[in-house]
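For reference, TrEMBL has these:
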- 26-49: transmembrane segment (TRANSMEM)
- 43-294: domain 'G-protein coupled receptors family 1 profile' (DOMAIN)
- 61-89: transmembrane segment (TRANSMEM)
- 101-122: transmembrane segment (TRANSMEM)
- 142-165: transmembrane segment (TRANSMEM)
- 213-231: transmembrane segment (TRANSMEM)
- 243-263: transmembrane segment (TRANSMEM)
- 275-296: transmembrane segment (TRANSMEM)
């Protein structure tokens with residue numbers, strides 16, 4: 001009878017975990033954490049506004065970069081309320097339904113970013129493999145359709161996840177391991193079989209990040225073959241240099257993601273601090289570093305941003 005009464009019970013809220021062992025230093029952690037969010041939102045916002053305002057940047061490569069910046073801003077905004085709530089106000093509770101909403105958007109924006117990285121890899125393949133036909137293959141229409149496919153895939157694949165979680169009973173612990181809601185973290189607290197959740201989660205990961213990582217790898221196989229066919233060493237270096245920013249973005253996204261997945265699967269014996277830091281890196285590192293990488297490595301973007309700052313300074317002084 002007790003099990004039957006609990007079969008549909010859910011906690012009204014979850015308790016989020018900050019950084020274990022550093023509770024007394026949250027006030028000091030809040031300042032660099034706030035600075036990280038400011039850098040992420042401001043940096044990606046600058047990239048989006050620069051691409052939007054400068055007609056010379058209205059080309060497919062920068063449209064894909066704009067999509068990446070939007071995905072990064074989405075990831076940052078998903079975790080901003082709960083992270084700052086913990087470290088600024090020591091408020092650790094999150095309503096059950098709010099947790100599901102946050103979970104949905106975190107995984108959706110993550111899937112969008114993965115898809116955009118694939119589209120950017122395809123863009124580089126065409127630019128290096130067949131540069132003379134680049135303008136006829138990668139058109140604005142192709143970019144628009146690619147963006148629609150990426151968004152639709154992410155929304156549809158992640159959509160069942162909150163509903164699969166909501167059907168589960170939760171009547172024991174309601175303490176999560178991170179400062180935000182992730183599917184794996186919430187699922188482990190369920191007091192019933194999570195086989196369906198685990199199976200669907202695996203399928204979703206394979207269909208999104210698994211296939212995306214394989215596509216990116218194959219893209220660089222084609223790129224390297226095309227580069228090796230270039231006669232001059234200077235030409236090879238120039239061609240590879242156009243891929244440096246994208247390679248950095250791929251590593252920035254996939255290294256923390258793979259690390260978090262490995263820790264969740266095989267690192268149960270590791271300290272809670274390790275799990276927390278890896279999860280934070282997975283969601284905070286890409287939004288912060290991607291704008292820096294593309295600003296430093298892309299001459300046109302760097303030039304336009306410098307012009308904006310100079311004009312802003314002149315206007316303020318005037």
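One-based numbering along the chain as shown.
Every residue gets a Cβ built from N, Cα and C, even glycine.
Automatic, uncurated: that is what TrEMBL annotation is.
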Where, among 26-49, 61-89, 101-122, 142-165, 243-263, do we find the most CB pairs under 8 A to the transmembrane segment (275-296)? 243-263
For the transmembrane segment (61-89), the candidate among 26-49, 101-122, 213-231, 243-263 having the most Cβ pairs under 8 Å is 26-49
Listed stretch, out of 26-49, 101-122, 243-263, that has the most CB pairs under 8 angstroms to the transmembrane segment (213-231): 101-122
PLDDT averaged over the residues of the domain 'G-protein coupled receptors family 1 profile' (43-294): 90
